[in-house]
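Features reported for this protein in TrEMBL:
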ACT_SITE  36  active site, proton acceptor
ACT_SITE  264  active site, proton acceptor
BINDING   135, 312  substrate binding site
DOMAIN    243-372  domain 'Alanine racemase C-terminal'
MOD_RES   36  N6-(pyridoxal phosphate)lysine
(Lines of atoms letter the chains of each structure in order from A and count residues from 1; the text may use other names and numbers.)
(Lines give C-alpha, C1' and ligand atoms only; values in the text may rest on other atoms or scores of the structure.)
Protein backbone atom coordinates (compact mmCIF):
# COMPACT_ATOMS: atom_id res chain seq x y z
CA UNK A 1 0.00 0.00 0.00
CA UNK A 2 1.33 3.41 -0.92
CA UNK A 3 1.24 5.91 1.96
CA UNK A 4 1.53 9.63 1.26
CA UNK A 5 1.73 10.37 4.99
CA UNK A 6 3.92 9.05 7.79
CA UNK A 7 3.90 9.25 11.55
CA UNK A 8 7.56 8.95 12.54
CA UNK A 9 8.34 8.01 16.14
CA UNK A 10 11.91 8.88 17.15
CA UNK A 11 12.78 6.25 19.75
CA UNK A 12 16.13 7.83 20.62
CA UNK A 13 14.22 10.91 21.77
CA UNK A 14 11.84 8.78 23.85
CA UNK A 15 14.75 7.18 25.68
CA UNK A 16 16.48 10.55 26.04
CA UNK A 17 13.37 12.05 27.66
CA UNK A 18 12.94 9.08 29.98
CA UNK A 19 16.57 9.43 31.03
CA UNK A 20 16.11 13.14 31.68
CA UNK A 21 13.07 12.50 33.87
CA UNK A 22 14.78 9.64 35.73
CA UNK A 23 17.80 11.80 36.48
CA UNK A 24 15.61 14.71 37.58
CA UNK A 25 13.52 12.70 40.08
CA UNK A 26 16.44 10.64 41.36
CA UNK A 27 17.27 6.97 41.80
CA UNK A 28 14.97 6.46 44.79
CA UNK A 29 11.82 7.43 42.87
CA UNK A 30 9.91 4.84 40.84
CA UNK A 31 8.31 5.76 37.52
CA UNK A 32 4.96 4.81 36.03
CA UNK A 33 5.15 5.90 32.36
CA UNK A 34 1.66 6.81 31.19
CA UNK A 35 1.03 5.05 27.88
CA UNK A 36 -2.76 5.32 27.67
CA UNK A 37 -4.46 6.62 24.51
CA UNK A 38 -2.12 4.62 22.28
CA UNK A 39 0.85 6.11 24.14
CA UNK A 40 -0.38 9.63 23.38
CA UNK A 41 -0.49 8.73 19.68
CA UNK A 42 2.98 7.12 19.57
CA UNK A 43 1.92 3.44 19.49
CA UNK A 44 1.20 1.72 22.79
CA UNK A 45 2.75 -1.69 22.07
CA UNK A 46 6.11 -0.45 20.84
CA UNK A 47 6.38 2.25 23.50
CA UNK A 48 5.51 -0.28 26.23
CA UNK A 49 8.25 -2.63 25.03
CA UNK A 50 10.80 0.17 24.75
CA UNK A 51 10.15 1.37 28.31
CA UNK A 52 9.96 -2.11 29.83
CA UNK A 53 13.76 -2.33 29.83
CA UNK A 54 14.11 0.14 32.70
CA UNK A 55 14.32 -1.25 36.26
CA UNK A 56 12.87 1.96 37.75
CA UNK A 57 9.60 1.43 35.85
CA UNK A 58 7.26 0.10 38.52
CA UNK A 59 4.25 -0.16 36.22
CA UNK A 60 3.13 0.84 32.76
CA UNK A 61 0.15 3.16 33.23
CA UNK A 62 -2.91 2.62 31.04
CA UNK A 63 -6.52 3.81 31.18
CA UNK A 64 -8.55 0.71 30.35
CA UNK A 65 -8.19 -2.98 31.09
CA UNK A 66 -8.60 -3.77 27.38
CA UNK A 67 -5.39 -1.86 26.66
CA UNK A 68 -3.61 -4.05 29.18
CA UNK A 69 -5.04 -7.27 27.76
CA UNK A 70 -3.81 -6.29 24.31
CA UNK A 71 -0.33 -5.54 25.67
CA UNK A 72 -0.17 -8.95 27.34
CA UNK A 73 -1.23 -10.64 24.10
CA UNK A 74 1.58 -8.78 22.33
CA UNK A 75 4.19 -10.04 24.77
CA UNK A 76 4.55 -7.21 27.30
CA UNK A 77 5.58 -8.68 30.68
CA UNK A 78 6.07 -5.52 32.78
CA UNK A 79 3.49 -4.84 35.54
CA UNK A 80 0.52 -2.88 34.19
CA UNK A 81 -1.64 -0.44 36.18
CA UNK A 82 -5.17 0.21 34.83
CA UNK A 83 -6.14 3.63 36.12
CA UNK A 84 -9.78 3.92 34.97
CA UNK A 85 -13.03 2.26 36.01
CA UNK A 86 -13.87 -1.42 35.81
CA UNK A 87 -17.03 -3.36 35.08
CA UNK A 88 -17.67 -7.02 35.91
CA UNK A 89 -16.25 -8.24 32.59
CA UNK A 90 -13.14 -6.12 33.08
CA UNK A 91 -12.44 -7.74 36.46
CA UNK A 92 -12.35 -11.15 34.81
CA UNK A 93 -10.00 -9.82 32.12
CA UNK A 94 -7.89 -8.10 34.77
CA UNK A 95 -7.39 -11.36 36.62
CA UNK A 96 -6.73 -13.39 33.47
CA UNK A 97 -3.99 -11.04 32.24
CA UNK A 98 -2.45 -10.08 35.61
CA UNK A 99 -3.33 -6.39 35.39
CA UNK A 100 -3.34 -4.32 38.57
CA UNK A 101 -6.57 -2.33 38.99
CA UNK A 102 -7.17 1.04 40.61
CA UNK A 103 -10.18 1.24 42.92
CA UNK A 104 -11.48 4.79 42.77
CA UNK A 105 -14.54 4.36 44.98
CA UNK A 106 -15.64 2.11 47.82
CA UNK A 107 -18.20 0.28 45.68
CA UNK A 108 -15.50 -0.81 43.26
CA UNK A 109 -13.24 -1.83 46.15
CA UNK A 110 -16.05 -4.00 47.52
CA UNK A 111 -16.57 -5.61 44.11
CA UNK A 112 -12.89 -6.47 43.90
CA UNK A 113 -13.04 -7.99 47.39
CA UNK A 114 -16.11 -10.02 46.44
CA UNK A 115 -14.37 -11.25 43.30
CA UNK A 116 -11.31 -12.29 45.31
CA UNK A 117 -13.47 -14.16 47.80
CA UNK A 118 -15.42 -15.92 45.07
CA UNK A 119 -12.25 -16.99 43.28
CA UNK A 120 -10.22 -17.71 46.43
CA UNK A 121 -7.45 -15.33 45.39
CA UNK A 122 -5.72 -12.16 46.59
CA UNK A 123 -5.85 -9.08 44.38
CA UNK A 124 -3.06 -6.52 44.29
CA UNK A 125 -4.50 -3.04 43.72
CA UNK A 126 -4.02 0.69 44.08
CA UNK A 127 -6.49 3.04 45.76
CA UNK A 128 -7.21 6.40 44.16
CA UNK A 129 -8.27 9.35 46.32
CA UNK A 130 -9.90 12.57 45.15
CA UNK A 131 -7.89 15.46 46.60
CA UNK A 132 -9.36 18.15 44.36
CA UNK A 133 -9.75 16.94 40.78
CA UNK A 134 -13.41 16.04 41.47
CA UNK A 135 -13.44 13.34 38.81
CA UNK A 136 -12.53 9.86 40.08
CA UNK A 137 -11.36 8.99 43.56
CA UNK A 138 -12.41 8.05 47.07
CA UNK A 139 -13.25 11.21 48.97
CA UNK A 140 -10.96 12.32 51.78
CA UNK A 141 -13.71 11.92 54.40
CA UNK A 142 -14.11 8.26 53.38
CA UNK A 143 -10.47 7.43 54.15
CA UNK A 144 -11.10 5.82 57.55
CA UNK A 145 -13.94 3.70 56.19
CA UNK A 146 -11.66 2.58 53.35
CA UNK A 147 -8.88 1.67 55.77
CA UNK A 148 -11.24 -0.42 57.87
CA UNK A 149 -12.51 -2.24 54.79
CA UNK A 150 -8.93 -2.99 53.71
CA UNK A 151 -7.92 -4.27 57.14
CA UNK A 152 -10.99 -6.47 57.40
CA UNK A 153 -10.23 -8.03 54.02
CA UNK A 154 -6.44 -8.21 54.13
CA UNK A 155 -6.68 -11.89 53.13
CA UNK A 156 -8.19 -10.89 49.78
CA UNK A 157 -6.56 -7.59 48.83
CA UNK A 158 -3.03 -6.18 48.85
CA UNK A 159 -2.81 -2.38 48.77
CA UNK A 160 0.29 -1.92 46.62
CA UNK A 161 -0.22 1.79 46.06
CA UNK A 162 -2.07 4.97 46.94
CA UNK A 163 -2.59 7.59 44.25
CA UNK A 164 -4.29 10.87 43.46
CA UNK A 165 -4.26 13.36 40.59
CA UNK A 166 -3.50 17.07 40.37
CA UNK A 167 -5.91 19.37 38.56
CA UNK A 168 -3.62 22.37 37.96
CA UNK A 169 -0.03 21.47 38.82
CA UNK A 170 1.48 23.48 35.97
CA UNK A 171 0.11 26.86 37.04
CA UNK A 172 -1.52 26.98 40.49
CA UNK A 173 1.11 26.39 43.17
CA UNK A 174 -1.18 27.14 46.12
CA UNK A 175 -3.89 24.69 45.02
CA UNK A 176 -1.33 22.04 44.14
CA UNK A 177 0.22 22.27 47.62
CA UNK A 178 -3.25 21.98 49.14
CA UNK A 179 -3.91 18.81 47.15
CA UNK A 180 -0.50 17.42 48.12
CA UNK A 181 -1.13 18.05 51.82
CA UNK A 182 -4.49 16.29 51.59
CA UNK A 183 -2.82 13.31 49.96
CA UNK A 184 -0.03 13.22 52.53
CA UNK A 185 -2.65 13.19 55.28
CA UNK A 186 -4.34 10.19 53.65
CA UNK A 187 -1.00 8.38 53.38
CA UNK A 188 -0.32 9.07 57.08
CA UNK A 189 -3.70 7.63 58.04
CA UNK A 190 -2.83 4.40 56.22
CA UNK A 191 0.60 4.23 57.84
CA UNK A 192 -0.86 4.91 61.28
CA UNK A 193 -3.31 2.04 60.78
CA UNK A 194 -0.51 -0.38 59.91
CA UNK A 195 -1.03 -0.44 56.14
CA UNK A 196 2.15 0.43 54.23
CA UNK A 197 1.57 0.64 50.47
CA UNK A 198 4.75 0.13 48.46
CA UNK A 199 4.05 3.10 46.15
CA UNK A 200 2.54 6.54 46.70
CA UNK A 201 2.06 8.67 43.59
CA UNK A 202 0.35 11.90 42.62
CA UNK A 203 2.85 13.74 40.39
CA UNK A 204 2.02 14.13 36.71
CA UNK A 205 4.33 15.88 34.23
CA UNK A 206 3.47 19.34 35.52
CA UNK A 207 4.12 18.41 39.12
CA UNK A 208 7.29 16.49 38.29
CA UNK A 209 8.77 19.60 36.70
CA UNK A 210 7.47 22.24 39.09
CA UNK A 211 7.17 20.72 42.59
CA UNK A 212 9.84 18.27 43.77
CA UNK A 213 7.90 17.74 47.01
CA UNK A 214 5.23 15.96 44.99
CA UNK A 215 7.53 13.20 43.76
CA UNK A 216 7.12 11.07 46.92
CA UNK A 217 8.42 7.61 45.91
CA UNK A 218 6.77 7.35 42.50
CA UNK A 219 5.82 9.67 39.61
CA UNK A 220 3.60 9.34 36.52
CA UNK A 221 5.08 11.20 33.53
CA UNK A 222 2.96 11.37 30.40
CA UNK A 223 3.40 14.42 28.19
CA UNK A 224 6.99 15.07 29.29
CA UNK A 225 8.03 11.60 28.22
CA UNK A 226 6.91 12.41 24.68
CA UNK A 227 8.96 15.60 24.62
CA UNK A 228 6.72 18.40 25.85
CA UNK A 229 6.26 20.42 29.02
CA UNK A 230 2.60 21.04 29.94
CA UNK A 231 3.13 24.81 30.28
CA UNK A 232 5.41 27.47 28.83
CA UNK A 233 6.89 28.30 32.24
CA UNK A 234 8.13 24.70 32.62
CA UNK A 235 9.92 24.31 29.29
CA UNK A 236 13.38 25.15 30.62
CA UNK A 237 13.30 22.92 33.71
CA UNK A 238 14.77 19.94 31.86
CA UNK A 239 15.70 19.44 28.22
CA UNK A 240 13.11 17.40 26.32
CA UNK A 241 12.97 16.33 22.68
CA UNK A 242 9.70 15.82 20.75
CA UNK A 243 9.29 12.15 19.87
CA UNK A 244 6.63 12.40 17.16
CA UNK A 245 7.10 13.76 13.64
CA UNK A 246 4.33 13.98 11.02
CA UNK A 247 5.17 14.07 7.31
CA UNK A 248 3.10 14.03 4.15
CA UNK A 249 3.65 14.86 0.47
CA UNK A 250 2.71 17.40 -2.14
CA UNK A 251 0.21 15.80 -4.51
CA UNK A 252 -0.45 18.83 -6.71
CA UNK A 253 1.00 22.27 -7.50
CA UNK A 254 -0.93 24.95 -9.37
CA UNK A 255 -1.35 28.70 -9.82
CA UNK A 256 -3.94 30.66 -7.89
CA UNK A 257 -4.62 33.96 -9.64
CA UNK A 258 -5.17 37.27 -7.86
CA UNK A 259 -8.78 37.54 -6.69
CA UNK A 260 -9.40 33.79 -6.74
CA UNK A 261 -10.55 32.00 -3.61
CA UNK A 262 -9.50 28.53 -2.49
CA UNK A 263 -11.10 25.59 -0.70
CA UNK A 264 -14.47 25.40 1.06
CA UNK A 265 -16.21 28.72 1.75
CA UNK A 266 -13.34 30.54 -0.01
CA UNK A 267 -11.90 31.59 3.36
CA UNK A 268 -8.69 32.68 1.61
CA UNK A 269 -8.66 34.96 -1.43
CA UNK A 270 -5.35 35.64 -3.20
CA UNK A 271 -4.19 39.25 -3.19
CA UNK A 272 -1.62 38.40 -5.88
CA UNK A 273 -0.81 35.54 -8.23
CA UNK A 274 0.41 32.62 -6.10
CA UNK A 275 1.87 29.14 -6.42
CA UNK A 276 -0.16 26.72 -4.34
CA UNK A 277 0.71 23.25 -3.09
CA UNK A 278 -1.85 20.60 -2.16
CA UNK A 279 -0.79 18.31 0.70
CA UNK A 280 -2.28 14.85 1.25
CA UNK A 281 -3.23 15.38 4.89
CA UNK A 282 -6.53 16.62 6.30
CA UNK A 283 -8.82 16.63 9.28
CA UNK A 284 -9.54 12.92 8.81
CA UNK A 285 -5.85 12.44 9.59
CA UNK A 286 -6.07 14.45 12.79
CA UNK A 287 -5.27 17.98 11.60
CA UNK A 288 -7.88 20.22 13.31
CA UNK A 289 -10.14 22.08 10.89
CA UNK A 290 -10.06 24.99 13.34
CA UNK A 291 -6.44 25.56 12.38
CA UNK A 292 -7.37 26.60 8.82
CA UNK A 293 -5.42 29.61 7.48
CA UNK A 294 -3.37 29.77 10.72
CA UNK A 295 -0.60 27.20 10.63
CA UNK A 296 2.65 26.57 8.79
CA UNK A 297 4.29 23.47 7.41
CA UNK A 298 7.88 22.91 6.26
CA UNK A 299 8.58 22.36 2.57
CA UNK A 300 12.19 21.83 1.48
CA UNK A 301 13.53 23.47 4.61
CA UNK A 302 11.27 26.56 4.49
CA UNK A 303 8.13 27.48 6.39
CA UNK A 304 5.07 27.51 4.16
CA UNK A 305 1.80 29.18 5.25
CA UNK A 306 -1.39 27.16 5.02
CA UNK A 307 -4.15 28.80 2.99
CA UNK A 308 -7.83 28.00 2.80
CA UNK A 309 -9.99 25.66 4.83
CA UNK A 310 -8.47 22.33 5.84
CA UNK A 311 -10.32 19.58 3.97
CA UNK A 312 -11.03 16.00 4.99
CA UNK A 313 -8.12 14.60 2.97
CA UNK A 314 -5.97 17.61 2.10
CA UNK A 315 -4.82 21.11 2.93
CA UNK A 316 -3.24 23.79 0.76
CA UNK A 317 -0.10 25.86 1.33
CA UNK A 318 1.66 28.84 -0.23
CA UNK A 319 4.68 27.82 -2.33
CA UNK A 320 5.13 31.15 -4.08
CA UNK A 321 8.70 31.64 -2.86
CA UNK A 322 9.61 27.97 -2.43
CA UNK A 323 11.11 25.63 -4.99
CA UNK A 324 9.06 22.44 -4.87
CA UNK A 325 7.67 19.64 -7.01
CA UNK A 326 4.92 17.06 -6.68
CA UNK A 327 5.94 14.20 -4.32
CA UNK A 328 8.22 16.43 -2.23
CA UNK A 329 7.93 15.77 1.51
CA UNK A 330 6.00 18.17 3.74
CA UNK A 331 6.66 18.30 7.47
CA UNK A 332 3.49 19.08 9.40
CA UNK A 333 5.04 18.51 12.80
CA UNK A 334 8.80 18.12 13.21
CA UNK A 335 11.96 19.93 12.25
CA UNK A 336 14.38 20.42 9.37
CA UNK A 337 17.31 22.77 8.80
CA UNK A 338 16.85 24.34 12.21
CA UNK A 339 13.17 25.11 11.57
CA UNK A 340 10.68 23.33 13.81
CA UNK A 341 6.94 22.99 14.13
CA UNK A 342 5.79 21.52 17.41
CA UNK A 343 2.58 20.13 18.83
CA UNK A 344 2.57 23.22 21.08
CA UNK A 345 2.55 25.52 18.04
CA UNK A 346 -0.24 23.58 16.32
CA UNK A 347 -2.25 23.51 19.55
CA UNK A 348 -1.89 27.25 20.04
CA UNK A 349 -3.08 27.91 16.47
CA UNK A 350 -6.02 25.51 16.91
CA UNK A 351 -7.06 26.84 20.31
CA UNK A 352 -6.42 23.57 22.12
CA UNK A 353 -3.65 21.74 24.01
CA UNK A 354 -0.72 19.66 22.83
CA UNK A 355 -2.22 16.54 24.42
CA UNK A 356 -5.16 16.72 22.00
CA UNK A 357 -2.90 17.27 18.99
CA UNK A 358 -0.63 14.32 19.85
CA UNK A 359 -3.43 11.86 20.60
CA UNK A 360 -5.29 12.62 17.36
CA UNK A 361 -2.82 13.57 14.65
CA UNK A 362 -1.70 10.74 12.41
CA UNK A 363 -4.21 8.15 13.73
CA UNK A 364 -5.82 7.54 10.33
CA UNK A 365 -5.16 4.19 8.65
CA UNK A 366 -3.88 6.29 5.74
CA UNK A 367 -0.91 7.37 7.83
CA UNK A 368 1.93 4.85 8.12
CA UNK A 369 3.64 4.69 11.50
CA UNK A 370 7.43 4.35 11.30
CA UNK A 371 9.80 3.83 14.23
CA UNK A 372 13.30 5.27 13.96
CA UNK A 373 16.39 5.24 16.14
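Any Cβ shown, glycine's included, is placed from N, Cα and C.
Feature map: annotations from TrEMBL on the structure.
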{"residue": "36", "record": "active site, proton acceptor", "contacts (Cβ under 8 Å, 6+ apart)": "44, 61, 62, 63, 64, 67, 83, 222"}
{"residue": "135", "record": "substrate binding site", "contacts (Cβ under 8 Å, 6+ apart)": "165"}
{"residue": "264", "record": "active site, proton acceptor", "contacts (Cβ under 8 Å, 6+ apart)": "308, 309, 311"}
{"residue": "312", "record": "substrate binding site", "contacts (Cβ under 8 Å, 6+ apart)": "282, 283, 284"}
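Sorting the domain 'Alanine racemase C-terminal' (243-372) by DSSP state (H, G, I as helix; E, B as strand; all else coil) yields 24 helix, 54 strand, 52 coil. DSSP assigns residue 135 (substrate binding site) to coil in the three-state reduction, placing it in neither a helix nor a strand.
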